[in-house]
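Right, one structure below, let's go through it.
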Amino acid sequence: MAFRRVLLSHLRRSHHTCSSLSPHHVSATTQPSIALALFQSRFFSTPSDLDSELTRFRDDSIAGVGSNDHGLEFDDSIASLGSNGHGLEFGDSIGSLGSNGYGLEFGDLSQDLSNYDYLTQPVISLLDSYHDITGLPWWVVIATSTVAFRTALLPILILQRKQTKRISQFLPKLPHFWPPQGSGRSVLDQLKLFRKERKDIGCPSFLWVPAYFSIQISCFFLWITSIRRMSLDHHPGFDSGGALWFQNLTEIPNGLYGPLFPFLIAGLHYTNTQITFTASSVHKVDKFTELAKAYKTFLNLLTCALYFLSFQMPQGSLLYWATNLSFSIAQQSILNHPVVSAKLGLQANDSVQKEAGNPILTNINEGKLTDPSSKGRLISVHNLTPKELVALSAKYLSGGHKDKSIPLLRLALEKDPEYLQAMIILGQALYQKDQFAEAAKCLEQAASKLLDTSPTEVEEVDLLIVASQWAGVSNIRQGKTSEGITHLERVANMKEPDDPKSKAHYLDALVLYSSAIFNEGRREEAAKYLRRVVAYDPSFSELLKQCEEDDTIPTSSSSNSTSKTS
């Protein structure tokens with residue numbers, strides 16, 4: 001009894017402290033902790049069987065005051081809700097709802113929510129301030145803030161484009177990423193070599209390629225998540241802050257006009273993908289062609305997924321997304337305009353390769369040419385790669401500037417004597433200057449090298465057809481008809497290619513071969529090959545008719561066929 005009196009005295013002295021801790025006696029002015037608030041919310045509730053246990057403990061404790069049936073004293077019931085294996089310390093019940101399998105820890109959850117607020121709250125506060133200051137509808141606030149934010153990122157995009165343009169210039173001069181077959185170098189050694197060569201020539205870091213995308217995508221997810229949070233929390237004004245078919249920004253797309261937003265998102269994403277890959281400089285380089293194609297295919301397939309995903313997002317988030325995509329399309333279109341890109345220094349540097357109508361060889365003997373993208377600065381043709389030299393010479397050749405194209409082709413062959421395309425184009429240029437002997441030599445050399453490798457690739461087969469065709473014509477123009485027919489016959493005996501471009505060259509060679517063997521008196525054989533040509537190109541029907549009816553083919557017909565082939 002003495003022990004009970006001491007304990008009761010202690011409880012009376014500590015009654016105020018215990019009451020302040022009880023969830024049933026929280027002062028109205030006291031701010032509850034986040035764990036207790038979550039505990040009392042409708043999202044978290046005590047399991048029903050735990051409630052029944054607590055009720056039973058309460059009843060037992062009341063019934064057991066002064067009784068020894070259950071071995072429970074009133075003082076013990078205060079310290080513990082029972083001694084039958086379900087004892088719950090009140091202090092522990094705040095952090096955990098029991099020790100019988102129903103414990104819920106709120107510490108980690110509150111920390112996650114705190115981190116979530118830490119990321120999104122600044123954006124929400126910024127949008128709230130903008131809305132309070134301007135008084136604009138929420139849909140205008142979301143759209144205009146998106147445009148303002150993307151405009152702020154524009155300098156980063158311009159800088160990144162300049163760096164990627166420089167990277168595309170240096171890439172042809174860099175070694176391969178992977179060690180060539182038979183080089184004996186490991187992948188690590190090859191990467192070290194690539195890094196060393198990149199630094200030696202002053203090529204910017206490849207981290208510039210994903211730089212803007214990384215920043216933009218991070219900001220995109222932060223912004224769209226913040227607006228989604230506002231929509232799901234029914235932010236003040238969001239229920240009626242929309243327009244047109246999206247009056248309620250907190251709802252997901254529904255009703256008759258529900259598919260409009262998803263269709264708009266998918267269409268804008270697809271359009272933006274096409275414009276982006278058209279404007280990119282890096283993906284035009286051979287080293288990145290396959291990677292860029294695969295990534296573009298992935299983004300195109302993603303269009304369908306985004307359509308269905310949009311049905312699960314609030315219309316406030318979809319409004320931001322549509323505005324963001326629309327800005328991207330407008331931004332790409334403006335930056336790709338020749339005048340704008342020239343002013344900003346973003347003009348693609350494949351002008352040497354694809355805009356040879358502007359570069360002018362001011363002094364081919366001194367090896368100088370004008371690069372219009374560098375505002376008149378002269379660059380040396382000796383610094384160009386063989387591929388760039390051939391591309392430039394082909395432009396001059398197609399424009400009738402044979403005298404300018406031939407020195408470039410010879411320079412390309414000096415740098416790479418095995419460059420077959422340079423040999424063939426040089427032979428064509430020499431043929432057009434009536435230098436048939438030298439033209440035949442170049443073309444026969446190219447055909448011989450191709451035959452040694454037994455070509456199977458589409459490009460190699462096409463080069464063999466073109467080289468043999470022009471070699472045959474060059475020999476015939478020298479009076480070496482038998483040698484010329486031999487080259488043309490090689491093409492006639494080849495399997496008809498499936499590639500449209502190769503097939504066109506193949507049919508041209510058959511026309512020349514038919515004309516040559518008809519002049520040698522092989523009329524029936526010539527008609528046989530012409531029938532194969534007419535099956536694809538009826539424009540040669542008149543030539544076939546003359547071949548079948550007359551003993552001679554008019555010279556004009558042969559000239560026309562040769563001219564068409566050229």
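Cβ coordinates come from backbone N, Cα and C, glycine included.
The feature transit peptide is assigned by Swiss-Prot to 1-44.
Here Swiss-Prot flags 139-159 (among others) as transmembrane segment.
Beyond the transmembrane segment (207-227), the same-chain residues lying 6 or more positions past its ends with a Cβ under 8 Å from any Cβ of the stretch are 119-120, 123-124, 127, 142, 146, 149, 153, 156-157, 160, 163-164, 167, 282, 314, 316-317, 320-321, 324. Per Swiss-Prot, transmembrane segment is recorded for 207-227 (among others).
For 249-269 (among others), the entry in Swiss-Prot reads transmembrane segment, with the evidence type sequence analysis. Taking Cβ pairs closer than 8 Å, the transmembrane segment (249-269) reaches residues 138-139, 231-232, 234-235, 238-239, 241-242, 299, 302-304, 306-308, 310-316, 318-319, 321-322, 325-326, 329 in its own chain, all 6 or more past its ends.
Annotated transmembrane segment per Swiss-Prot: 301-321 (among others), in sequence order.
For the repeat 'TPR 1' (386-419), the predicted model reports an average pLDDT of 82. The repeat 'TPR 1' feature in Swiss-Prot is assigned to 386-419.
Beyond the repeat 'TPR 2' (420-453), the same-chain residues lying 6 or more positions past its ends with a Cβ under 8 Å from any Cβ of the stretch are 386, 389-390, 393-394, 397, 402, 405-406, 409-410, 412-413, 460, 463-464, 466-468, 470-471, 473-475, 477-478, 487, 490, 566. Taken from Swiss-Prot, the feature repeat 'TPR 2' applies to 420-453.
Look at Swiss-Prot and you will find 465-498 tagged as repeat 'TPR 3'. Note on the repeat 'TPR 3' (465-498): residues 420, 423-424, 427-428, 431, 436-437, 439-440, 443-444, 446-447, 450, 458, 505-506, 508-510, 512-513, 516-517, 519-520, 529, 532, 562, 565 of its chain, located 6 or more positions outside it, place their CB under 8 angstroms from a CB of the stretch.
The repeat 'TPR 4' annotation in Swiss-Prot covers 507-540. With helix defined as DSSP H, G or I and strand as E or B, the repeat 'TPR 4' (507-540) counts 28 helix, 0 strand, 6 coil.
The region 'Disordered' annotation in Swiss-Prot covers 547-566.
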In the repeat 'TPR 2' (420-453), how many residues does DSSP assign to helix, to strand and to coil?
30 helix, 0 strand, 4 coil
